[in-house]
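See structure below.
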Amino acid sequence: MTWTILQAGQRVCLQLCSLREQSVTLHTSTALLPTVMGCYECCMRCLGGVPYVSLLATLLCFSGIALFCGCGHQALTESERLIETYFTREHQDYITLAYLIEYFQYIIYGLASFFSLYCIVLLAEGFYTTSAVRQSFGEFRSTVCGRCLSTMFIVITFVLVVVWLLVFSLSALPVYFFYNMAYTCHTISVLSETPSSINQLCIDARQYGLLPWTAVPGKACGMTLSNVCKTREFSLIYDHYIAAFAGAGMTVLALLTFTVSTTYNFAVLRYLGRKGIGPRC
């Protein structure tokens, strides 16, 4: 993909520089040939200085965070309404769940703000340490501070990968819960001709820890559960949790890409630092 982008940029540079060459007269075109080649080399330096891996990881991270935070926030809000309407009658039964949902929503706000800044910082670090920029501007020399910053970004990104692997795993739990509900509703629709067996098919929110065991009724069975699955809210919540799960996976993939790119950039930075005039801060 990166090679395709560079080839496309090379064709654009050739076209721009050829237009500049054609704008002069024939007797001066030979004299301006170094200028035209300088235009081409400058354009290729700019294209070669873009850290495409970091740029791709930034776009992937922004997309993943947007999916996870936006869909997760909406799914949590609708889940509270669904449980309040169909699984409990008393406000005290789900007050703990309501506080927990509000707490997670504030965490989502913080994640969105933090990663909006951190992805930009990692992209800037990619521009700083990309080998193409250093080869284009030979006067650049690595510094002690630069290597320390690169090391810090590698450690922080690795820790975030571990944290988001945990988030990715936990985000599968609500998907599993609603998948069980959908599968149970499908079974009820298949066995609709035998009402006695239908009433034995239930989804108990207390079993999943969503409600205390004292909550009444705490579960939905038979046609009541089937009617819950047919509501627009159920389909909306299920789709949002799936999208949030996919967003968490995209974020993990983006952070892994960042880890690879920052580690590579640090290795190149150390290598070129040995060829410099000496480290400085």
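Positions of Cβ are set from backbone N, Cα and C atoms, glycine also.
Counting same-chain residues at least six beyond the ends of the transmembrane segment (53-76), those with a Cβ under 8 angstroms from any Cβ of the stretch are 1-2, 101, 104-105, 108-109, 111-112, 115-116, 119-120, 122-123, 125-127, 130, 167, 171, 174, 236-237, 240-241, 243-244, 246-255, 257-258, 260-261. Annotation source TrEMBL lists transmembrane segment at 53-76 (among others).
What TrEMBL records for 106-128 (among others) is transmembrane segment. Within the chain, the transmembrane segment (106-128) has long-range Cβ neighbours (under 8 A, six or more residues past its boundaries) at 49-51, 53-55, 57-58, 61-62, 65-66, 68-69, 72-73, 146, 149-150, 153, 157, 160, 251, 254, 258, 261-262, 265.
The feature transmembrane segment is assigned by TrEMBL to 149-173 (among others). Long-range contacts of the transmembrane segment (149-173) within its own chain (CB-CB distance under 8 A, at least 6 residues past either end) are made by residues 68, 72, 118, 121-122, 125, 129, 241, 244-245, 248-249, 251-252, 255-256, 258-259, 262-263, 265-266, 269.
According to TrEMBL, the transmembrane segment annotation covers 241-267 (among others). Listed by sequence, the residues of this chain that lie at least six past the ends of the transmembrane segment (241-267) yet keep a Cβ under 8 A from its Cβ atoms are 51, 53-54, 56-58, 60-61, 63-69, 71-72, 75, 115, 119, 122, 125-126, 129-131, 147, 150-151, 153-154, 157-158, 160-161, 164-165, 167-168, 171-172, 174-175, 178.
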